[in-house]
Amino acid sequence: MSNSAKSVVILAAGKGTRMYSDLPKVLHLLAGKPMVQHVIDTAMALGAKNVHLVYGHGGDLIEQTLSDQTLNWVLQAEQLGTGHAMQQAAPHFAGDEDILILYGDVPLIGADTLERLLAVKPEGGIGLLTAILDNPTGYGRIVRENGEVTGIIEQKDATEEQRKINEINTGILVANGSDLKRWLSQLDNNNVQGEYYLTDVIALAYKEGRKIEAVHPTRLSEMEGVNNRLQLSALERIYQSEQAEQLLLAGVMLLDPARFDLRGTLIHGRDVVIDTNVIIEGNVTLGNNVQIGTGCVLKNCIIGDDSIISPYTIVEDSEMETGCTVGPFARLRPGSKLAEKAHVGNFVEMKKSYLGKGSKAGHLTYLGDADIGRDVNIGAGTITCNYDGANKFKTIIGDNVFVGSDTQLVAPVIVAKGATIGAGTTVTKNIAENELVVSRTKQTHIQGWKRPVKEKK
């Protein structure tokens with residue numbers, strides 16, 4: 001942001017009636033985070049010293065959702081138009097700073113476009129973001145005389161001739177704070193809507209002989225607002241398409257870019273292959289030669305080089321070292337870590353557990369609060385019984401242990417290295433090195449047994 005432009009105002013007080021939702025409009029998610037958060041992030045990327053958020057409808061929930069943000073909260077108790085919203089923010093302006101005005105429901109506005117807008121703002125004048133549309137219906141029109149911007153006329157107030165203008169107002173502008181205060185104080189609501197229009201400051205500035213410079217966005221999607229769920233879904237697709245394009249150009253192989261969702265940040269190595277319907281959330285790192293199967297969900301995780309995640313696997317807040325294989329239909333819950341070449345197979349769930357180098361849990365297993373050494377085999381149907389209804393307890397399994405199928409390990413329990421646990425065993429006591437442990441009921445054979453037969457009705 002330029003030296004003089006140090007504050008941003010984000011207008012986010014609208015009700016969002018056409019969303020048909022109890023959730024404030026600006027909190028609806030785009031790419032996994034609230035629309036308004038995208039705008040806040042862009043403001044911060046510009047280096048804004050102050051971000052004033054004008055809020056109203058659903059204010060408590062908005063404050064709660066954004067409680068970790070460094071914002072100046074400005075209440076607009078009544079929604080009487082964009083001009084009225086800015087009047088609430090005006091007392092917070094420093095006289096010598098420029099004010100950039102953004103909107104909480106215009107989430108895709110880019111920092112590069114705003115940098116150009118800030119650069120063209122004339123001294124004492126206004127920098128205005130406009131766009132040329134084939135169909136400008138619904139937008140305020142830019143009125144010019146001899147090529148100079150003289151005002152903005154809203155659709156409902158425009159004449160038939162003015163409605164033919166195809167240069168439209170995006171609502172985004174930058175002006176000096178002291179000038180804005182003066183112009184805002186002169187607004188009236190003498191219009192069809194009975195509202196105070198921020199756009200009227202353009203005509204007021206022109207009357208004072210101030211220059212208004214207009215620039216266009218780099219992409220039209222940057223100025224598109226959201227009034228309903230259809231528009232939100234359209235922007236979601238635009239955003240995802242842009243993310244997919246960037247990944248493809250960076251060397252990630254998306255087998256179908258139209259069926260990939262990035263809802264966070266993806267750091268990747270070389271020769272990564274991602275199949276269809278994969279969702280990336282939070283901060284995810286994929287090493288070299290990683291393969292992600294169809295239908296996987298990865299959230300806040302690190303996947304080491306040469307690892308393969310098979311279809312329909314969920315990995316959250318977990319880490320894999322080099323050469324791991326996981327899935328299909330596996331779930332790694334928060335706190336799971338796989339060492340080099342560890343294997344977690346189908347219908348295996350891990351939580352707060354470590355699986356050592358070369359160890360395997362092939363199928364139908366729950367490993368919770370477990371620390372498992374290297375080269376361990378976990379048989380099908382094994383369960384670490386880690387919860388007594390009040391507290392969680394740890395299971396520790398040493399290197400080279402063989403755990404037979406259908407084993408229950410009742411924590412807290414320690415299985416020393418080299419031990420063997422027979423199938424169907426319930427382990428309730430610690431096991432020493434190289435011991436064989438079996439606990440089963442005696443198998444009984446009853447000759448001539450006849451099954452019960454239902455009586456005929």
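Going from the start of the chain as shown, residues are counted 1 onward.
Cβ coordinates come from backbone N, Cα and C, glycine included.
For reference, Swiss-Prot has these:
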type	residues	note
REGION	1-229	region 'Pyrophosphorylase'
BINDING	11-14, Lys25, Gln76, 81-82, 103-105, Gly140, Glu154, Asn169, Asn227, Arg333, Lys351, Tyr366, Asn377	UDP-N-acetyl-alpha-D-glucosamine binding site
BINDING	Asp105, Asn227	Mg(2+) binding site
REGION	230-250	region 'Linker'
REGION	251-457	region 'N-acetyltransferase'
ACT_SITE	His363	active site, proton acceptor
BINDING	Ala380, Asn386, Tyr387, Ser405, Ala423, Arg440	acetyl-CoA binding site
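Asn227 (Mg(2+) binding site) sits 10 Å from Gly14 (UDP-N-acetyl-alpha-D-glucosamine binding site), taking the CA atoms of both as reference points. Residues 19, 28, 30-31, 35, 107-108, 221, 224, 257-258, 260-262, 266, 268 of the same chain, all 6+ positions outside the region 'Linker' (230-250), place their C-beta atoms under 8 angstroms from a C-beta of that stretch. For the binding-site residues Leu11, Ala380, counting C-beta atoms within 10 A of each C-beta gives the highest total at Leu11. For the binding-site residues shown (Gly14, Gly104), fewest C-beta neighbours within 10 angstroms: Gly14. DSSP gives Gly14 (UDP-N-acetyl-alpha-D-glucosamine binding site) a coil state; it is part of no helix or strand. Cα to Cα, Ser405 (acetyl-CoA binding site) and His363 (active site, proton acceptor) are separated by 10 Å. DSSP classifies Tyr387 (acetyl-CoA binding site) as strand under the three-state reduction.
Across the residues annotated as binding acetyl-CoA (Ala380, Asn386, Tyr387, Ser405, Ala423, Arg440), the widest Cα-Cα separation comes to 23 Å. For Glu154 (UDP-N-acetyl-alpha-D-glucosamine binding site), the nearest of the recorded positions by C-alpha distance turns out to be Asp105; the candidates were Asp105, His363, Ala380, Ala423, Arg440. Nearest Cα neighbour of Asn386 (acetyl-CoA binding site) among the listed recorded positions (Arg333, His363, Asn377): Arg333.
According to its DSSP assignment, Gly104 (UDP-N-acetyl-alpha-D-glucosamine binding site) is coil. When the alpha carbons of Ala380 (acetyl-CoA binding site) and the residue listed as 'active site, proton acceptor' are compared, the span between them is 5 angstrom. Counted with DSSP, the region 'Linker' (230-250) comes out as 20 helix, 0 strand, 1 coil. When the alpha carbons of Gly104 (UDP-N-acetyl-alpha-D-glucosamine binding site) and Tyr387 (acetyl-CoA binding site) are compared, the span between them is 45 angstrom. Comparing the Cα of Leu11 (UDP-N-acetyl-alpha-D-glucosamine binding site) with the Cα of every entry in Asp105, His363, Tyr387, Ala423, Arg440, these being the recorded positions, the smallest distance points to Asp105. Here the binding-site residues are Asn227, Asn386, Ser405; the one with the fewest Cβ atoms within 10 Å of its Cβ is Asn227.
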